[in-house]
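Working notes, beginning with the structure itself.
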């Protein structure tokens with residue numbers, strides 16, 4: 001009989017074989033503050049007096065006016081000036097989930113984290129309620145936007161509006177919007193009950209719209225959302241994800257019934273090994289596993305089983321292991337913005353560890369026993385890699401540590417700020433700043449870039465968008481992960 005192994009020993013052996021088992025201590029509270037600050041650099045709309053990223057100015061102040069609706073506000077997703085609904089909604093969901101699970105560890109950053117959630121939920125509330133039987137899911141044509149390199153304050157590209165309707169459905173983006181509004185309602189339940197109720201009411205209506213008029217927004221809107229944010233996973237995952245958040249936020253038993261009746265069709269019994277702004281299957285299983293672990297809801301046991309399978313896929317040397325790690329120990333899922341998968345995975349590891357700890361649970365991966373402490377250890381290695389404990393000795397969070405990317409693929413950061421260059425910089429004139437070898441003039445503090453390749457290689461080149469472009473949905477789950485360590489500074493491997 002093969003003896004039971006400790007996961008920690010297995011992973012340390014794995015890292016030793018790859019010559020990277022040193023330890024490091026970081027100022028996680030500083031990293032948390034900076035990770036939240038990044039969202040202020042991504043704001044669209046009328047900036048408040050409390051705005052801390054002062055090189056940014058107002059932008060997109062007429063968004064929605066072509067349809068006589070107000071779509072001012074929200075976030076630019078990454079390094080361009082488009083407001084994409086699917087990643088913005090996922091960003092808001094993950095920011096809210098970070099606050100829900102780890103807000104009590106955020107100390108002086110809780111108000112800033114709530115403000116980041118609200119900047120997203122305010123916009124999504126507008127998008128969901130502006131026109132009956134419709135959801136606005138995008139502002140600007142990315143094909144036109146990407147032909148220019150402009151500051152958001154200068155942009156003169158078309159601010160076209162795109163929506164899903166009963167005739168041109170988008171269950172994926174609508175259900176994700178419902179999830180975001182529901183999760184955000186939990187964040188504000190105690191501090192602003194009226195706003196919380198409004199968010200939950202909108203979430204209920206948007207979810208009903210998503211479920212009643214089924215279809216993928218990739219089919220309805222095609223070239224303006226693909227290949228940028230295609231819903232490659234379809235819309236079943238978002239329907240189950242949205243229902244799960246409404247179940248948790250509302251405690252309405254009808255959502256429990258929905259999950260029980262539709263779970264099989266929507267993927268409850270499928271194993272999946274990636275969590276991202278496109279694919280919510282694993283996130284849903286972890287979210288619902290709490291119902292089994294904490295409340296012993298038998299109908300949710302299947303989600304605990306598949307959450308365990310997901311965890312086992314991440315553990316080197318265990319039965320079920322099927323993940324790829326770089327020689328330096330970074331989880332690797334894809335060459336385009338790999339850190340989005342790392343931060344999402346890390347968040348799930350911390351969250352599942354929290355659920356297990358609260359209920360005395362553990363995971364058996366064949367002959368390997370995995371405890372909540374082991375999940376934290378695995379997650380910490382990913383967090384520390386991003387912050388600088390890696391073969392390159394560089395932080396992949398801008399402005400954190402002594403060495404970090406300086407040529408970030410980001411229009412606002414790479415172009416002179418309005419205060420330094422008050423004159424307009426036109427569409428084509430901006431490209432000189434894209435191609436210059438000089439560092440970005442405006443430090444995009446807190447931004448996590450796409451990150452290194454499968455061999456730990458990284459090229460700090462502004463035109464190398466796969467590695468140097470930041471995104472809100474990379475940062476959002478990392479806020480929760482950093483909050484865990486900011487609140488538990490003495491946690492070690």
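Glycine is no exception: its Cβ is also placed from the backbone N, Cα and C atoms.
Database features, via TrEMBL:
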- 409: active site (ACT_SITE)
- 460: active site (ACT_SITE)
- 469: active site (ACT_SITE)
- 28-482: domain 'Glycoside hydrolase family 9' (DOMAIN)
- 1-24: signal peptide (SIGNAL)
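The candidate set comprises the active-site residues 460, 469. Of these, 469 has the most other Cβ atoms within 10 Å.
A distance of 10 Å separates the Cα atom of residue 469 (active site) from that of residue 460 (active site). Cβ neighbour count for residue 409 (active site): 24 (other Cβ atoms within 10 Å of its Cβ, all protein chains included).
When averaged over the domain 'Glycoside hydrolase family 9' (28-482), pLDDT in the model lands at 97.
Here the C-alpha separation of residue 409 (active site) and residue 460 (active site) works out to 9 Å.
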